[in-house]
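Enquirer: Sharing a structure below in C-alpha cells format, with a few things to ask.
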Amino acid sequence: METGRTRLLPIPPIEMEFIDQNEDGQLGWKEVEKQFDQSDYSPCIDIHGVVERSSPKTAENDLHTSPELHQASDSGFRPPKIRIALEASGRNFHGRITEEEIKQAILYAASLNRLSLSQDEACECARLIKEELDADQGAVELQSTGDNLSKTSPMPGTPASYLSHPKQSLITVLFRAHWRQVWVVLLWLAACLALFVWKFLQYRHRSAFEVMGYCLCTAKGAAETLKLNMALVLLPISRNTMTWLRKRRWINSTIPFNDTINFHKLIAGGIVIGVILHAGTHLACDFPRIVNAKRSVFQRTIAKGFHYRQPSYLEILGTTEGATGIAMVVLMIIAFLLATRPSRRQHASLPWPIRRFAGFNAFWYSHHLLVLVYVLLIIHSMFLFLTKDVTEKTTWMYLVIPVLIYAGERVFRIIRSGIYDVQILKATIYSGEVLSLKLQKPTGFQYCSGMYIFVQCPQISTFEWHPFSLTSAPDDDHLSLHIRSLGDWSYQIYSLFQEALASGKANFPKICIDGPYGAASQDHCKYDNILLIGLGIGATPFISILKDIANGQQGPQLDTVKDIMAHDVKGPTKAYFYWVTREQGSFEWFRDIMKEVSILNRKKGVIEMHNYLTSIFHEGDKRSALISAIQALHFMKSGVDIISKTPVWTQFARPNWFKVFSGLATRHGGERIGVFYCGPENLGRDLERLCHKMTAQTSTRFVFHKEHY
C-alpha cells in the first residue's frame, strides 16, 4: 500500500486503491498493459471492480467476453482503457489518470447498470475522484463504515432473541394473526351449512321427493344458501359503510375490514358452488325425472304445480322459472369469468378472441350486469313450481337490507362526487408513464393517511371510477395523486394530460373524485413501530403516512379513528420505509416529498427510509464497484445520493428480507411491529410467511397487512 495518508469513505465493503501519479504527469497504464500482455492478470482488472486471483483464461473471459461488454460495444460505446490496479499480488503500479478518462469509466459503469447519468454529473463525480487522488497523494481506500450509514444501511444479524425466546407453535402464531378471519369464515360456513341442512330435510319429507328424490333436496338446500350469499356479497363492496364501521374501535378489533375484498371473493365462490348445485341438479336430474315420472305418481304428488299436465323438458325450460334461471346463470358465467385475474389483466395465456374483449373495462361493465341478476332473482323466486305459499318465498327478505344499503351508497356517491368541486392545481408527467395530480382540497374533505379515493374522468367515461391512494398528508391544503399507466383507463388519462401539457395550455380534462375510503394502511396508528414496504408504484399509500408522521413531529396528529385533530393521539414512534423499484426514473415520482420528509425528520429521527434499485448489480459485484465508489464520494461531499437525487441512500439489487426482519427483531425485542405491504401477490405471500416465522422464533411480533382495492 502507498505511504500516503488514507481516507475512509462510507460505502459497501469493496476495497480499491487508485494508482499514484508519476512525476512527469503521464499515464502509467502502459506498464499495466505490458504486465497484462505477459499473462500476469492478478495485478490489474478493468472498471468492473475487484476479483480474486484467477487463471489467465478466466481473466480473459472477464475482460473480453462479458455479455455486458459486448452489448455496450455493439451499441457503439467502447469501454475506456482504464483499469484500477489492486493489491492482489502485493505489487503496485504508478501513473496519472485524467478526469476525462475517469468520466468515461463512470459513464460506462452507469451503462452497465442501466443508470441515467448526465455528462455534468459524470464530470462532477470524476472531479471528486480526482480531488481525492490529489488530496491523498494517490491512495484512496474505500471500505465499509456501517456506523456512518446506520440510517440507510440494512440491519443484518441474527436476533439475540432467537436464543432467549422460546419458540411458539406455528399454529399458535397463525391463529393469533388470523383469528378474526377465522371466526368470520367459520360463522359464514356454519350459516350456509345450517340453511342447506334445514332446507334439505324440509324437502326430504315432502311429496315431491317421491318424484325427484335427493336431487330435489340438494337443489333446494343450495337455493337457500344462494339467497344468503347473494345478500352478503353486496356488503363488503359497500365501501362507505365499511369505512364508517372501521372507525368503531370495538367493531374494528373483531372484524377484519382489511380483507373485505377477499371476503367478497369468498362469497362469490360460494355463489358459484350454489349455482352449480342448484342449476345443475335441476337441469340434469330434477327436470328429467319430472318428464319421465309415472303418470300416477306425477298426478298424486306434484301435478297441481303444473296444472295437472305433465310437461316436456323444453316446456319446463320455457316457464318463467326456467327462463329466468337460465338467464341468471348465463349472466353470472360472463361476470365471473371476466372477473378472474387473467381476464382483468388481459393475460397472454388467454385465447386471442377472449383476450381482445377482456380487460378491466370488461370486468367493470360485466359486473354491473349483475343488477339484472338481482331483478331476475326476485322474479324467479316469485314463480316456483313446488312452492305456492307466500310465506315460503323468502328471497326478498334476505335481499332487502343489503340491496337498500348498496343502492343508498350508490346514490350517496353520486351526490357527494357532484358536490366536490375539484380544481387541478398542477399536473406533472414523470418517467414510467406516471401522472402526478395536485388537486384543490374540497371544503369539508377529511381523511386519514393511507386512505384512497375513486377518480373519474368524464371525458373518458361517465361510468368508470378507479381507486388511487392519496399521497398527500391529511393536514396538507391540497390532495395529491400518482397514477401509473397500467390499463386502458390509466393510459387514456395519462395521454390526455400529456397532450394538455405539451400544448402549453392549462386546459386539463375535468376530474371527479369520490371518497375517502378506508384501507389497510390506516391501521398504522395502532402500532408503535411500523415497517412499510412498497414495490414500484405500490409506495403511494405509504408516502401519505410518511408525510403525516413527519408533520406529526412538528405538531398535533390526526386521530385516524374519529377523524378529529387531537393533541393526545400517539402515532408510531419508529417507522421503517423500504421502497424497491426497478427503474432509476421512479425516484422522480416522490423526490420532493422524500426531501421534505428527510428535513422534517432530522430532529427526532422517527423515520428511516431505504431505497433499493434492482437494475444495479448487487453490492460487491465487480460491475457495480465504481458506482459504489462515486455514490459514496458524492454522498460524503453533498449529503445527496447521486442515484435517487434525494438524501436517502440507494442500495443495490433486492433487499435480503430475512436480514431486514432479523435486524428489526433484534432492535425491537418483545415489541410489536406492524408490517404494511403494497405490491405483487407473490412477494406479499413470502413476506407474510416471514412475519409468521419471525413471530414464532423471536420475541418480536410481526403483524402483516396488505393493501386490497
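Just so it is clear, glycine is given a Cβ too, placed from its N, Cα and C backbone atoms.
Please treat TrEMBL annotations as automatic predictions, because they have not gone through curation.
According to TrEMBL, the record shows the following:
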COMPBIAS  55-67  compositional bias 'Basic and acidic residues'
DOMAIN    417-523  domain 'FAD-binding FR-type'
REGION    55-76  region 'Disordered'
TRANSMEM  182-201  transmembrane segment
TRANSMEM  266-284  transmembrane segment
TRANSMEM  322-341  transmembrane segment
TRANSMEM  362-383  transmembrane segment
TRANSMEM  395-412  transmembrane segment
Enquirer: Report the mean pLDDT of the predicted model across the domain 'FAD-binding FR-type' (417-523), rounded to a whole number.
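Expert: PLDDT averaged over the stretch: 89.
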Enquirer: Counting only residues 6+ away from its ends, which parts of the chain sit with a Cβ under 8 Å from the transmembrane segment (182-201)?
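Expert: Residues 175, 217-218, 220-225, 227-229, 232, 255-256, 263, 266-267, 270.
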Enquirer: Could you pull out which residues elsewhere in the chain have a CB under 8 Å from any CB of the transmembrane segment (322-341), counting only those six or more residues past its ends?
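Expert: Answer is 268, 271-272, 275, 279, 282, 316, 347, 358, 362-363, 366-367, 369-370, 372-373, 376-377, 379-380, 383.
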Enquirer: When the domain 'FAD-binding FR-type' (417-523) is classified with DSSP, how many of its residues are helical, how many are strand and how many are coil?
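Expert: Counting residues by DSSP class gives 22 helix, 37 strand, 48 coil.
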